[in-house]
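Here's the structure we're looking at; comments come further down.
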Amino acid sequence: MAELKVFPLSCVVQKYAWGKIGLDSEVAKLLASSDPLAQIDPDKPYAELWMGTHPRGDAVILDNRIPQKTLGQWIADNPGCLGSKVKETFQGQLPFLFKVLSVNTALSIQAHPNKELAGKLHAQFPEHYPDANHKPEMAIALTPFQGMCGFRPVEEIVAFLQNVPEFRALIGNVAAEQLERSVCNDPRGVSAALRICFTRMMKSEKKVFVDQLNMLVKRISQEVAAGKDTSGSSGKLLLQLHSQFPGDIGCFAIYFLNLVMLQPGESMFLGANEPHAYLYGDCIECMACSDNTVRAGLTPKFIDVLTLCEMLNYTPAPSSSKVFAPMQSRLDPCVYLYDPPVPDFTVMKIEIPSSIKLYLISAIDSASILLVIQGTAVGTSTAAISEMTLRRGSVLFISANESVSLHLSSLDGMLLFRACCLL
């Protein structure tokens with residue numbers, strides 16, 4: 001029998017409390033359409049779909065001719081499937097974790113360390129930092145998606161210091177004035193002043209910031225009730241986050257961080273030391289295989305304030321600079337590449353128009369994971385032996401240097417995403 005190198009996967013769903021509920025969740029919809037036997041609980045959150053080999057969510061192989069039960073076990077026994085460069089560079093491991101996220105309430109404001117810092121943190125505090133890897137991430141919107149990412153331009157932060165007296169009281173006049181003066185300075189002076197302001201906020205005493213936050217929320221609520229415009233205080237977002245995390249320091253972070261709105265197909269890349277939070281919506285996410293997270297707020301979990309304030313990238317930039325569009329492939333007009341500035345992963349969006357009935361998923365020198373978002377097809381491959389039915393929510397593992405032919409049966413084409421590692 002020929003060796004099986006292309007096969008369908010059943011992937012782990014994480015039901016974190018912040019996920020969208022029941023069939024409001026893209027994760028639940030994908031699960032329901034891919035598995036007719038799946039029971040979707042209308043009252044439970046469906047937060048994340050994990051497609052990969054992470055120990056807390058190793059995908060199950062849906063082909064009983066393969067002796068290994070999970071993708072992680074199969075790759076360990078068949079490391080050549082990764083592709084020669086990937087196998088060598090990442091020590092025989094799949095270097096990425098591919099996900100779908102359905103966000104109903106905000107995830108914590110967080111940043112991820114670079115490789116050097118990750119190694120130190122893991123050695124010192126393994127209970128909080130479980131591995132020594134970096135964790136760059138990329139989010140691609142499936143529905144309109146709201147997040148925070150990176151420090152705002154200084155002019156915007158200064159405007160909030162002048163319009164939001166409770167925010168200024170928390171930072172203190174001395175630090176606020178230093179930031180106001182720094183606007184004309186060189187970038188290093190700006191970053192230094194920004195670091196002082198942010199650190200002042202993060203290190204403020206709980207009673208102080210809770211009192212200021214309560215005053216702010218009361219004032220904004222009264223202004224909203226009176227029909228006033230609260231955009232100068234980011235009132236709508238403040239009330240949204242305060243209703244989810246009352247008394248949390250993260251509610252003040254909105255005055256430091258960019259609010260980023262992604263339309264379907266747009267993406268943002270979150271590099272090392274970049275503060276960020278996902279607020280609402282559904283997205284595809286791809287990341288390096290790591291669990292290292294340094295939290296800053298909007299969370300009941302451990303907040304490592306010292307590490308956070310030391311590590312962050314205090315370079316201000318407009319929200320538009322955080323959004324990046326994919327590049328259309330020169331070789332195939334159906335393929336759009338999201339290629340971030342890290343070696344660990346690349347994501348391809350494959351949009352097949354209804355006019356095409358036979359399409360080839362081309363071979364690349366990397367293992368890849370393919371997710372169907374819309375459309376139906378029958379997949380065939382010399383490395384799969386039997387035909388595979390692909391529909392919304394189907395997930396396929398494709399070994400390096402293997403191709404898959406799709407015989408489309410849907411009238412409105414197909415939309416697929418493919419995660420891989422292009423070294």
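One is the number of the first residue shown, and numbering goes on along the chain from there.
Glycine too: its Cβ is placed from the backbone N, Cα and C atoms.
According to TrEMBL, the feature domain 'Phosphomannose isomerase type I catalytic' maps to 6-154.
Residues or ranges marked as Zn(2+) binding site by TrEMBL: GLN110, HIS112, GLU137, HIS276.
The domain 'Phosphomannose isomerase type I helical insertion' feature in TrEMBL is assigned to 170-257.
Sequence-distant neighbours of ARG295 (active site) (same chain, six or more apart, CB under 8 Å from its CB) are SER108, ILE109, GLN110, LYS301, PHE302, ILE303, ASP304, LEU308, listed in sequence order. Residues or ranges marked as active site in TrEMBL: ARG295.
Distant neighbours of the domain 'Phosphomannose isomerase type I C-terminal' (337-377): 9, 30, 34, 51-52, 75, 81-86, 89-90, 94-96, 98, 100, 134, 136, 138, 140, 142, 265, 267, 269, 271, 284, 286-289, 324, 326-329, 331, 389-423; these residues of the same chain sit at least 6 beyond its ends, with a Cβ under 8 Å from one of its Cβ atoms. What TrEMBL lists as domain 'Phosphomannose isomerase type I C-terminal' is 337-377.
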Write out, in the order they occur in the sequence, the residues of the chain not among GLN110, HIS112, GLU137, HIS276 that have a C-beta within 8 Å of the mean position of the C-beta atoms of the recorded Zn(2+) site. ALA111, LYS135, LEU270, GLU274, PRO275, THR293
In this predicted model, the domain 'Phosphomannose isomerase type I C-terminal' (337-377) has a mean pLDDT of 97
